[in-house]
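Record features, source Swiss-Prot:
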- G169, D170, R171, Q172, T173, G174, K175, T176: ATP binding site (BINDING)
- S370: site 'Required for activity' (SITE)
Amino acid sequence: MDIRAAEISAILKDQIKNFGQEAEVSEVGQVLSVGDGIARVYGLDNVQAGEMVEFENGTRGMALNLETDNVGVVIFGADREIKEGQTVKRTRAIVDAPVGKGLLGRVVDALGNPIDGKGPIQADKRMRVDVKAPGIIPRKSVSEPMATGLKAIDALIPIGRGQRELIIGDRQTGKTAIALDTILNQKPLNAQPDENIKLYCVYVAVGQKRSTVAQFVKVLEEQGALEYSIIVAATASDPAPMQYIAPFTACTMGEFFRDNGMHAVIIYDDLSKQAVAYRQMSLLLRRPPGREAYPGDVFYLHSRLLERAAKLSKDHGSGSLTALPIIETQANDVSAYIPTNVISITDGQIFLETDLFFQGIRPAVNVGLSVSRVGSSAQTKATKKVAGKIKGELAQYREMAAFAQFGSDLDASTQRLLNRGSRLTELLKQPQFSPLKMEEQVCVIWAGTNGYLDPLPVNKVRAFEDGLLSLLRGKNVEILNSIRDSRDLSDDTAAKLKSVVEGFAKSFA
C-alpha cells in the first residue's frame, strides 16, 4: 500500500483549518429537593424569572423564585419522576404558547399542547404568555355591543366589545351557563364572512372536573359552536402551576385576534381556583402570606391578566378582546378578598343568586346588584329605547314588593306596578341554549313595557312570548329586519310592531 505524505499533510491541514472553536454550552443546574410540584435547583446562575427549564425526563418547569443560593422552579407536570441530584437545563425561552386560527375547534392544555386526540396543532406562531397589557394611547373606549343573547343581560347589564364584565355567584347558580349561552349566541355572527362582525371565543377551564369540561365541549360540538372556539383546560387533577398559567395562555391566544384587527371574547372559568392554585405555589415557594393566606401580589395576578382585555383604536387595527371572568363566592359573600379584588378591576359585574335560581328565575341575575359601568355606550339605540323603561319599572317593583309583604290593602296604582313587575320578571326568564337576537329581544321587551302582558296570568307570559316571536319570524319578518339593519326602533317600525302585537294579544286572549 502506497502512502503519500503530501496527501496526508493536505488532509490534516484541511481538518485543522475547519476545526471550530465553538463548544456546545448549555447551562445546567442540579435538583436539591423536590416535592408538591416545586423543585429547588442549584446552579442556573443566569436563569431569567419566568424562564422555561427542562428536567432530565423531559418535564418542563418555570423559574419563579430567584434566590441567592438556589432557584425555585414550579413543575408543569408530575414531579414523581424527578429525583434529587438530577440535572436541570435552561431553555433560554420565556414560557410561550402557540397562537393563530389553527387553534379554533381544538382543546389544549395549559401550555397549548393538544389534548383532544385530533393531531398536532397548526399554529401561526408562538407568543409569550405573560406580556404587558396595551397602554393608554392604543386603547379606545368601548363602543360596539357584545351580545350574549340573554334578555336580562343585553337589556339591563349590556356588555361591549373590549369590556371586562365579572360573572359572580355561589356554586350551582348558572355562571358557566351564561358563558356557554354567550358562546352559542355568536354562531350567526361567525357564519358571516366579514372579520369585523365575527367574534371568536376562548374558554379556559381552571380546576374543574374533567367530566364537566368534556360535557361543555360536547355541547359546543353539537351546537356547531366549537369551530369558532378554543378550549384551554387545566382541570382539578392538573398540578397547581398548570392551573395558574392556563388563563395567561388562553389570554395570549385571544390577544392574537385582538392584535390582528379581529374580535374575541375570553371566559375565565374561574379565577377563584386560579387564585387558590397561585396561593398554593406561593406558600410552597415560601413567599410571605397576606390576607386569607393569599400572597401580597394576588391583586396584581388578576389585574395584569384582565388589563389585557381592550378595545384598540383605529391606528392599531380596531381589534378587541372582551373578558368575562367568573368568580365563585361562598354563601353570597362578595366582600371576601378575591371577589372584592376582581370587582374593583372589572368594568361591572353580573351578580347571580341562589335564592333566585331556586325560585325558577333563570338566568338568576340580581338586577339590583348587577351593573355594567361602560356597556351602556355600546348598546344599540333600539335596545336603549326599550330597556330604559324596564330598568325603572323593575327597580320600583323590587321596592314595592318588599313593602307589599306587610300590607294587604294596596291602592290601584301599587297593584298595577306589582302586576307589571311580576310579568316583566317572568319575561326576563330564558331557558338554556335558546339565545335571542337583538331585534327579537327588542320586540318582546317592547310588548312587556307597553302593558300587553298586564292582562295575562303570569304563567301565560312564556307562551305569549313564543307565539309573538313565531309570528314575527314568519309573516312579519320585515319588522325584525328593519330593527336589525337600522339598529334603531323608528316610529314607523314601532307603529307596525304595535299593530302586530295588538292583533296577536286579541287573538291570544
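Every residue gets a Cβ built from N, Cα and C, even glycine.
G169 (ATP binding site) falls within a strand when secondary structure is assigned with DSSP. Within the same chain, the residues at least 6 positions away from S370 (site 'Required for activity') whose Cβ sits under 8 Å from its Cβ are L156, I157, G348, Q349, I350, F351, listed in sequence order. Neighbour list (Q172 (ATP binding site), Cβ cut-off 8 Å, at least 6 residues apart, same chain): T354, F357.
Listed in chain order, the residues near the ATP site other than G169, D170, R171, Q172, T173, G174, K175, T176 are E328, L352, T354, F357, A364, each with its Cβ within 8 Å of the site Cβ centroid.
Counting every protein chain shown, the Cβ of T173 (ATP binding site) has 26 other Cβ atoms within 10 Å. Its Cβ taken as reference, D170 (ATP binding site) is surrounded by 18 other Cβ atoms within 10 Å in the chains shown. Fewest other C-beta atoms within 10 Å: among the binding-site residues G169, G174, that description fits G174.
When the binding-site residues R171, K175 are compared by the number of other CB atoms within 10 angstroms of each CB, R171 has the fewest. Taking a C-beta cut-off of under 8 angstroms and a sequence separation of 6 or more, T176 (ATP binding site) has the following same-chain neighbours: T212, F216, D269, I326.
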